[in-house]
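Notes follow the structure.
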């Protein structure tokens, strides 16, 4: 088996996790108490969904997941929520006092007390796997726990499970919507370790997802539940090929192989289509070509950056539902002829496609319509650098005055870590610039000849 262990850190990680596990359960027909009436092989078996769920002798399906937070309120919601019987109590780890939006508390003072317990639980889960494939890590980098404890856990996972791939689903601060003043500090410090300790990192930001909810689902005031349900569709599409059998399956390691040209250039944009409300879906049926086009629309991107400002290095299209390879090839061929979608010249093919015949599931009473086919795109584009340069700029404004720095130093950090992390990000911006600029040397007028 190729099992994956999910690790949900901090409030954002846990709430996205709730949405994901709810959706997985619906897709596999697993009840909130973990029973699965449709499962023929009780107590084990080699079903595809066993990559994400382990089975007990009594036929209960338990998620291979750990939820960690430094304060109890968010995890208590899981403990008392609809899916409380699904999780093993040991999988829900909460501390007593939170990180107070402070990276240093999450990484040094409070975080280090809880990190061994987490690793112990993760070790138990991994002992339960026959062929652990890797980790999916969910966190946000604006707060204290997601950024501080998140990077601490990633660092320790690298030590304990060096060769296993780590996929990060990371919520980055939005340009306009901010939840804390020190977001830029936490993000920069955290990205410093994401750079080294994740293999692929998928960037999400709330503002972009708010806009998608407003525009495509006509929700005037989207809540976090609305956002998380949309994010969970993306994550479900990515992991569908691990959980179901399909025509063109995609392994976790394949993301890395196909999307990451250089180790540091591993921050991805994601988009999902069709995002469509039930009222609209009733009247229209979307073709493969249409959903593929809308996945490339700048407005579909789940992070606030415009792919037209950069070049694509590679992208991965995961289709699910009623889709055949012939349609996919035609849709991709059309995309390649578009002048607005530019690829770097050293990566002429640039497309990795996966097809899964299981149609996308939806949460009953949710906002998304049940559709016959959907596509999720993960793309590596040089425009991601916009996300970093925005955060770096805000970081510089605050750090020039050393504002709020004493809170970090007081928790045992050194000021040098700030400048070290900031330099690392400056180097990252430069890396992206070089990767995108490699073709301006010899070609001035004939950029279109790579097709």
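Positions of Cβ are set from backbone N, Cα and C atoms, glycine also.
Given the structure is predicted, the values throughout are model-derived calculations rather than measurements.
According to Swiss-Prot, the feature GTP binding site maps to 11, 71, 144, 145, 179, 206, 228, an assignment based on similarity to another entry. Sequence-distant contacts (6 or more apart, same chain, Cβ under 8 Å) of residue 206 (GTP binding site) comprise 171, 174, 177, 227.
The feature N6-acetyllysine is assigned by Swiss-Prot to 40. DSSP assigns residue 40 (N6-acetyllysine) to coil in the three-state reduction, outside any helix or strand. Cβ contacts within 10 Å of residue 40 (N6-acetyllysine), excluding its own Cβ and spanning all protein chains shown: 7.
The Mg(2+) binding site annotation in Swiss-Prot covers 71 and rests on similarity to another entry. Under the DSSP three-state reduction, residue 71 (GTP binding site) is assigned to coil, being neither helix nor strand. In sequence order, 94, 95, 96, 97, 98, 145 make up the list of same-chain residues 6 or more apart from residue 71 (GTP binding site) whose Cβ falls under 8 Å from its Cβ.
The feature active site is assigned by Swiss-Prot to 254. Around the Cβ of residue 254 (active site), the same chain contributes 352, each under 8 angstroms and 6 or more positions distant in sequence.
Taken from Swiss-Prot, the feature site 'Involved in polymerization' applies to 451, supported by similarity to another entry.
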Cα distance, residue 40 (N6-acetyllysine) to residue 11 (GTP binding site), nearest Å?
36
On the Cα atoms of 11, 71, 144, 145, 179, 206, 228, which are listed as binding GTP, what is the maximum pairwise distance in Å?
22
Those residues of the chain, 6+ apart, with a Cβ under 8 Å from that of residue 179 (GTP binding site):
142, 143, 173
Please list residues from the chain of residue 144 (GTP binding site) whose Cβ is under 8 angstroms from its Cβ, counting only those at least six apart in sequence.
10, 70, 98, 99, 100, 101, 102, 103, 105, 106, 186
Fewest Cβ neighbours within 10 Å, where candidates are the binding-site residues 11, 145, 228:
228
If H, G and I count as helix, E and B as strand, and all else as coil, what does DSSP give for residue 254 (active site)?
helix
